[in-house]
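Here is what TrEMBL records for this protein:
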DOMAIN    1-116  domain 'PLAT'
DOMAIN    129-249  domain 'PLAT'
DOMAIN    260-379  domain 'PLAT'
DOMAIN    390-541  domain 'PLAT'
REGION    490-511  region 'Disordered'
COMPBIAS  501-511  compositional bias 'Acidic residues'
DOMAIN    552-669  domain 'PLAT'
DOMAIN    696-814  domain 'PLAT'
Amino acid sequence: HPWSLWIWTTDLPNAGTDADISFQVYGEKGKSDEIRLDNKSDNFEQGQVDRFMVELPDLGKLTKLRFWQEKGSPFAGWHLSKATLMKTLTKEKYTFPCERWLDINEDDNEVVRELPACGELIAEPLPVLKYRLTVCTGNVGGSGTDASIFINLIGDQGDTGQRQLIHCKNNVNKFEKGNMDEFIVEAVTIGQIRRLRIGHDGKGGGCGWFLDKVIVREEGKAEAKALEFLCNRWLDRNEDDGQITRELVPFLDGQRLYNISYQISVKTGDIPGGSSDSNVFVKLYGDKGDTGKLLLVVSTNNLGNYFETGRIDIFTVETFDIGQINRLLIGHTNKGMRAGWFLDSVQIMVPVHGKNYMFPSHRWLCKDEADGKTEVEIYPSEILDIEQLMNYEITVVTGDVMFAGTNARVFIQIYGEKGKTEIITLQNKSNNFERNTTETFKFEAKDVGKIFKIRIGHDGSGIGSGWFLEAVDVKHLIMALVPKEKKKEDKKKKKKKKKDEEDEEEDGGEEMQEVVLTYHFPCSRWLSSGEEDGELVVELLSEDAEEDLEVNTYEVCVFTGDMMGAGTDANVYINIYGENGDTGERPLSNSDNLNKFERGQEDVFIVTAIDLGTLKKLRIRHDNTQPYSAWYLDRVEIVDTKEDITYYFPCNRWLAVDEDDGQIARELVPVDEAFMKQDEEGAGATLGLEQKSMSTTYTIKIKTGEKKYAGTDANVFAILFGEKDDTGLINLKACKNYKNKFEQGMINEFIVEAVDLGDLEKLRIGHDNSGGSSGWFLDWVEVDAPSQGQRLRFPCGRWLDEGEDDGAIVRDLYPADLQTEIYTPCK
């Protein structure tokens with residue numbers, strides 16, 4: 001809607017300014033964008049009235065107006081008398097009195113003013129309040145910063161806008177280690193404060209900052225009414241998650257769970273001169289609000305220089321839930337030797353919502369190209385549904401004993417009544433898992449419902465990898481009934497009798513709110529090959545787990561066949577599945593025999609896990625890493641020591657790339673003991689048919705692209721994910737139709753057998769980056785399961801190459817069309 005904006009500059013000496021003035025308008029229905037009023041025609045001169053035509057969205061009744069100016073100009077000081085806004089069509093008019101300086105050398109030295117709306121339409125203007133902020137810098141080494149800090153307070157009735165924290169009330173040198181710096185932010189009331197956004201510009205050599213907390217209270221109110229916003233994190237490109245802006249909520253627990261991650265993938269066009277050296281910013285708009293302008297300065301895929309020709313840079317932004325995204329603003333600051341930029345597209349994934357937004361652009365953002373714009377609003381061309389995930393927060397406590405820390409790769413898997421998460425690596429940019437430290441990680445994963453166990457461990461890599469784990473906490477949000485806040489008692493009630501007061505006292509009642517649910521997992525043990533039982537992985541029960549769940553020991557007896565070349569020197573892994581989950585993949589490394597898996601030999605291993613209940617199947621594989629890797633597995637027997645039950649898993653097949661069907665992994669199901677004792681001729685064939693009937697055979701076809709250098713020499717692997725389970729890691733070694741695999745334009749076929757995956761939902765494929773030419777352009781993958789009536793195409797059309805595209809060498813692919821093609825199996 002068109003509005004007339006009139007601005008009166010006072011006639012005080014030096015009241016005028018040469019600076020550009022910006023403003024933002026707030027109303028009952030929201031706020032406008034930030035609008036800059038360019039000062040190119042001697043606007044804002046002493047004693048002058050300046051008139052502008054501006055376009056504003058439907059904000060309902062206006063509530064306030066914020067003016068600010070760039071403080072860097074030599075003649076920037078400005079004394080504003082007042083402003084008026086009038087809607088052109090309806091003549092709806094508001095006045096905003098000021099009569100104050102916006103000047104770093106006058107008044108309170110601020111360059112921002114918030115003005116409440118006045119006029120005939122306003123019964124009572126909103127009050128202007130002073131918010132006292134106490135910003136507490138942490139006490140860890142290097143926690144102080146010289147960068148410019150900004151803050152934005154966000155409440156029920158709007159926000160303060162982004163304010164630079166310049167004028168400290170109690171310290172000359174701000175934001176030093178252990179400091180408690182006080183600032184005043186003057187603003188029209190924002191109602192109940194719900195969150196704040198705080199960050200810095202990332203400039204300067206030692207710009208990293210460890211923020212302990214921020215305390216906010218209204219000036220003149222009791223300290224007991226202050227709100228405390230805990231942070232206790234780095235705002236540093238090289239620490240924690242690399243973010244230099246944080247959003248905090250006034251909760252003591254599960255701080256990070258209240259924010260949503262937006263993964264922003266920005267593709268620069270593959271045209272000459274398309275790259276940019278400028279700083280790029282983005283602003284996301286949703287039906288619940290916007291993110292404000294965010295500089296994209298810390299990528300998650302770490303490709304070095306950002307916004308290079310033909311590359312995809314990925315950034316993660318954490319902010320409050322803005323709802324369904326309807327548009328975004330993207331642009332750059334037009335600074336740098338080569339500021340001009342050709343933006344191809346933007347993609348935004350929001351796992352917590354299960355949405356993937358596609359924003360095509362394919363245009364220049366450059367002063368000297370096309371329309372000369374350096375920023376543009378774009379709208380989604382498509383919104384795709386993806387797997388919906390939920391936020392988890394994991395707190396890991398490393399013990400306070402000698403050599404307790406580890407540099408190995410730590411991972412966790414969470415099990416609940418609805419299933420299990422994938423294996424999650426716990427890492428960030430900081431040096432993790434040092435002695436006597438408590439570290440918190442946030443990630444998105446499948447909602448597993450009520451959690452009963454976790455599996456946590458490490459890969460044993462690095463020098464001195466042994467780790468003493470004290471405890472783990474797992475947190476997530478749930479909706480629960482909580483007492484409502486009671487309303488303030490009406491003064492008139494005080495005159496009533498006590499009995500009447502008791503009868504009429506308002507009961508707050510209950511309402512559904514998000515609350516943090518915490519599961520505590522005590523551990524207090526070593527995960528080290530040289531300590532205790534030598535295990536690197538442990539399963540832990542939560543303190544409030546059901547009483548019938550307890551740790552169980554499984555004796556795994558592996559029988560290698562008695563035929564020529566049956567033994568293997570490769571590394572062997574097993575995963576045991578039961579009605580209460582699985583053990584996860586465990587290495588079979590500590591046998592009672594020094595030389596494992598030899599011809600005709602029985603090797604016994606101990607696997608400790610939370611009780612699995614009745615065993616359903618097992619998956620056993622080797623990694624084919626040694627010269628003599630081929631292995632003929634006769635059978636596996638597992639003794640449940642708690643129940644004193646033995647389960648028999650016959651195999652009688654090769655796990656070898658050049659024998660049988662070329663598979664190096666087998667899924668086996670238990671059979672009755674009587675079946676194992678059958679000696680009659682043909683028992684083996686019967687067994688084979690019985691096992692076959694319980695398995696699904698998948699044919700995986702992989703198409704390498706036609707591009708130059710599309711083929712790879714690296715080792716390729718895949719994982720099939722179904723609604724019930726996944727296959728685990730499949731090393732794609734034995735190709736049915738070509739000896740030299742994954743060459744340009746080639747379609748390679750592989751056979752995989754698995755038990756009870758259910759309908760396929762996702763495929764993960766990648767390579768280990770080994771070999772002279774490891775980069776790979778994958779066109780598509782097709783998975784064919786005639787017995788299940790499924791044939792699914794998983795399109796890719798992208799590089800798996802550290803030097804191309806977004807640098808990823810592993811990709812998750814989803815079926816293009818979830819409708820299955822029904823087969824009529826031969827009879």
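These residue numbers are counts, starting from 1, taken along the chain as shown.
Positions of Cβ are set from backbone N, Cα and C atoms, glycine also.
All annotation found in TrEMBL is predicted automatically rather than curated by experts.
In the predicted model, residues of the domain 'PLAT' (552-669) average a pLDDT of 92. Count of Cβ pairs under 8 Å against the domain 'PLAT' (390-541): among 1-116, 260-379, 552-669, 696-814, the largest is for 552-669. With helix defined as DSSP H, G or I and strand as E or B, the domain 'PLAT' (129-249) counts 3 helix, 60 strand, 58 coil. Each residue in the domain 'PLAT' (552-669) gets a DSSP state, and the totals come to 0 helix, 62 strand, 56 coil.
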